[in-house]
Amino acid sequence: MRDRFLRACRRQPVDRTPIWLMRQAGRYMPEYRAVRERYGFLQMVKTPEIAAEVTLQPIAAFGVDAAIIFADILPPLEGLGLRLTYEKGEGPVIHNPIRHPHDVATLHPCDPRETVAYTLDAVRLVKRELNGLPLIGFSGAPFTLASYAIEGGGSKEYRLTKRFMYEQPTAWHDLMERLGTLVAEYLIAQVEAGADAVQIFDSWAGTLAPADYRAYVLRHTQNVVATVRARLGAAAPPIIYFGTDMAGLAGELRQLGTDVLGVDWRIDLDVAWAQYGYEHAVQGNLDPMTLFAPPELIASRAREILQRAGGRPGHIFNLGHGILTETPVEHVRYLVEFVQSYPLPTTTPALQEVMQ
């Protein structure tokens, strides 16, 4: 059953819980490091053959239930006219950040089919090698992309972002609409290239108060989801939304219209699922640091998550964030094998609800 992941996204019964891991292709893998020694990060992202090779590495190494295209959320911003580099020890840097309404007005219209064509080519290459295993495309969410564009890189407090949001609300919503259009078109293009599902990463939205999320973010993310569904119709894929520190936004996340909501490790899975509503599938939620623990503790924590899911159709096992750089490879393999061998309950009230 190679479609376990897609079936779980749609809350359909599966024979076991599917598992894939955010940042499953990364520096913790010696195969990845061997490639990284020869190429810069952006060169890897922008060379379809290399991106495809790296995407496939964890499939060969661990047999996870889905691949996620090797890419990054920020390169699509280059099509708008933002200058992006990745600096050693500093991470992504945008050299002409958005600080004034004029900066928003002068952003270039762009078509990601042209400006991020390398990722779409990588999707096509990977799709040919997966033999029916699902491929996940992704994008940053409008808010997270706006935060990077305004801050000029990462941030801990997002002071510039929030000040722009509060002090320039008209320009803020203009920026979010432009980014929403970019995100929707990028996701649609990935599906057209062969992606079977898409994930929207809203890495920094957990910094917002619920009132601010409702006022400045919610409708723009809703529009992305609605646009993807409307444009693709019956071909629309499962849509996943993920952010960290989102437990206080459960009421807002229920309104996004996505199929799957990601859960980080700061809330128990069953509590989050009840808050999000059982009309959603959920994805998560092992603390990435747990993979540094002894195998018996990894098993204990994974078992608890699976028990909290209770066999209800619609659980995709994942971490609550990306795999960390120095994670032991053998612990990743142990986790995948443990989850894939864990027996689902043969009868549960949740399963009976779906099958009736």
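Positions of Cβ are set from backbone N, Cα and C atoms, glycine also.
Copied from Swiss-Prot, the annotated features are:
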type	residues	note
BINDING	ARG23, GLN24, ALA25, GLY26, ARG27, ASP72, TYR148, SER203, HIS321	substrate binding site
SITE	ASP72	site 'Transition state stabilizer'
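Annotated features, which come from Swiss-Prot, shown on the structure.
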| residue | record | DSSP (3 states) |
| --- | --- | --- |
| ARG23 | substrate binding site | coil |
| ASP72 | site 'Transition state stabilizer' | coil |
| TYR148 | substrate binding site | helix |
| HIS321 | substrate binding site | coil |
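Counting other CB atoms no more than 10 Å from each candidate's CB, the binding-site residues ARG23, ARG27, TYR148 peak at TYR148.
HIS321 (substrate binding site) sits 15 Å from ASP72 (site 'Transition state stabilizer'), counting Cα to Cα. With ARG23, GLN24, ALA25, GLY26, ARG27, ASP72, TYR148, SER203, HIS321 listed as the residues that bind substrate, the site has a largest C-alpha separation of 23 Å.
Neighbour density for HIS321 (substrate binding site): within 10 A of its CB lie 21 other CB atoms from the protein chains shown.
Counting every protein chain shown, the Cβ of ASP72 (site 'Transition state stabilizer') has 18 other Cβ atoms within 10 Å. Cβ-based neighbour count (10 Å, all protein chains) for ALA25 (substrate binding site) stands at 25.
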